[in-house]
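Colleague: The structure under discussion is supplied below as structure tokens; questions concerning it will follow.
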């Protein structure tokens, strides 16, 4: 049995591979068509102009579904491992809520492009990366609370390192973006897709774009730490029928009521 066939480990693996492919394929398409500069454009810029916009959107929508499924499995796993620990269960519910909010933000990014509805796109980015970072923090705390009995210390330290990586990327991107869009380097820079290295503002632009790519891959790296955990869990659906047919007939009701009356009279 291959490693990705064990338990549900294919879920985080598929999430990481598919999301990385959505970034890379849209980037390659945008570069080939000369829609953006080859040197580290914004991720959103590679999904701004058709046809890469269509590819970017549909692939990130699939990533949203994979992310929600992965976070739900993680939630069920922690619940099953710590059924009598209220603190862990509360954090676990908070983590699932934050995680699904982050996935909703990713869906917004996929469907509201930067050049069309900029502020909604930014809202999606804040949900994805901002709320997503809090989700990573909650999962790191859970890993700390569950070790060494249920989690190894190595997993905790790995998740803590990735969380700090994402925080440093957020800080770098925020500061460089504030400097870039402060008005010192011109107006309408949001819509700008091509930059000359000799232009004013090119340095903060590059710092901002590199930080964004770093942040995106820090998120993917965090989900890589789920793979070994997911090898030890499986879920199944239980079917509970409420009746023997899929339609309701008046005769059926009368027979049921008659049976109840007889049972009551006895």
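Keep in mind that glycine also has a Cβ here, set from the backbone N, Cα and C atoms.
Because TrEMBL annotations are produced automatically, they should be read as predictions rather than curated entries.
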Colleague: When TrEMBL marks a stretch as transmembrane segment, which of 36-54, 55-73 is it?
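Modeller: Going through 36-54, 55-73 one by one, TrEMBL gives transmembrane segment for 55-73.
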Colleague: From the ranges 94-112, 246-264, pick the one that TrEMBL records as transmembrane segment.
Modeller: 94-112
Colleague: Under 8 angstroms, Cβ to Cβ: which one of 12-35, 55-73, 94-112, 118-145, 205-227 has the largest number of such pairs with the transmembrane segment (157-185)?
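Modeller: Most Cβ pairs under 8 Å with the transmembrane segment (157-185) come from 205-227.
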Colleague: Under an 8 Å Cβ to Cβ limit, what residues of the same chain, 6 or more beyond the ends of the transmembrane segment (118-145), are close to it?
Modeller: 44, 71, 74, 78, 85, 87-88, 91-92, 94-95, 98-99, 101-102, 104-109, 112, 151, 155-156, 159-160, 162-163, 166-167, 170, 190, 215, 219, 222
